[in-house]
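First the structure, in the form of structure tokens, and then the observations on it.
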Ligand code: GLP
């Protein structure tokens, strides 16, 4: 795992935006995996700024989001489709037909299982994901792969854990319905992405980051599965990196890399 520690959350966002933009510029038909949550919002803002300044175009880009809540329509203000339109898609030149999230509005299990398979097929048909952006839950989840998720899992129905429901409560108004189920890419789906870029900022993520990087490979910390990915890059601010035992080593490694041409 490549661990990059930057001073501020803003620098993390800039780093991530630059990598997303580089992928979009380099590839003729880029395929990005995108994430929701509060962490990537400032990354998306930096991407919007670059696109609006004419520095990049998303016309040929296809996107696949990690997950979607089950049982709410994708026009619902709490849906991740709505989140993505609000924070990114509506402000860049992407064709909405090329933006994908798991179809999760139905409560019919058979339908959801079919939609999950369709999602896997669509990723394959697009040629796989070039760069998957990830956040991390305080309990170590990626997407909505909660602790004890199979490390070989694929897109499927997941029940959210109590701690995730609690952590995400802040997005919902008092008394507003908060879904407890989601359709999420699986851990193996995520591991098949050519590159993975995980962002973590703030002290609340420090324990999960420590478990992901320096803990055992275990379903109890789904993000630890990234130890198995050949091109996983973690970009952290100082707060999120605070519990890492080998912090100085990671900083040293990055300095050494800069000496290479
Ligand atoms: C959410 C999402 C994840 C996200 C994580 C952290 O529940 N399903 O994809 O990475 O929790 O969110 P945040 O960035 O708001 O801390």
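Keep in mind that glycine also has a Cβ here, set from the backbone N, Cα and C atoms.
Feature annotations, reproduced from TrEMBL:
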- 8-230: domain 'Glucosamine/galactosamine-6-phosphate isomerase' (DOMAIN)
- 67: active site, proton acceptor (ACT_SITE)
- 139: active site, for ring-opening step (ACT_SITE)
- 141: active site, proton acceptor (ACT_SITE)
- 146: active site, for ring-opening step (ACT_SITE)
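Every protein chain considered, the tally of other Cβ atoms within 10 Å of the Cβ of residue 139 (active site, for ring-opening step) stands at 19. Taking a Cβ cut-off of under 6 Å from any atom of ligand 1, the active-site residues 67, 139, 146 reduce to 67.
Distance between Cα atoms for residue 67 (active site, proton acceptor) and residue 139 (active site, for ring-opening step): 17 Å, as a whole number. Around the Cβ of residue 146 (active site, for ring-opening step), 22 further Cβ atoms fall within 10 Å across all displayed protein chains. Mean pLDDT across the domain 'Glucosamine/galactosamine-6-phosphate isomerase' (8-230) comes to 97 in this model. Following the DSSP three-state reduction, the secondary structure of residue 67 (active site, proton acceptor) is strand. Non-local neighbourhood of residue 141 (active site, proton acceptor): 147, 149, 161, 164, 222, 223, each in the same chain, at least six residues away, with C-beta under 8 Å from its C-beta. Residue pair residue 139 (active site, for ring-opening step) / residue 146 (active site, for ring-opening step) shows a Cα separation of 8 Å.
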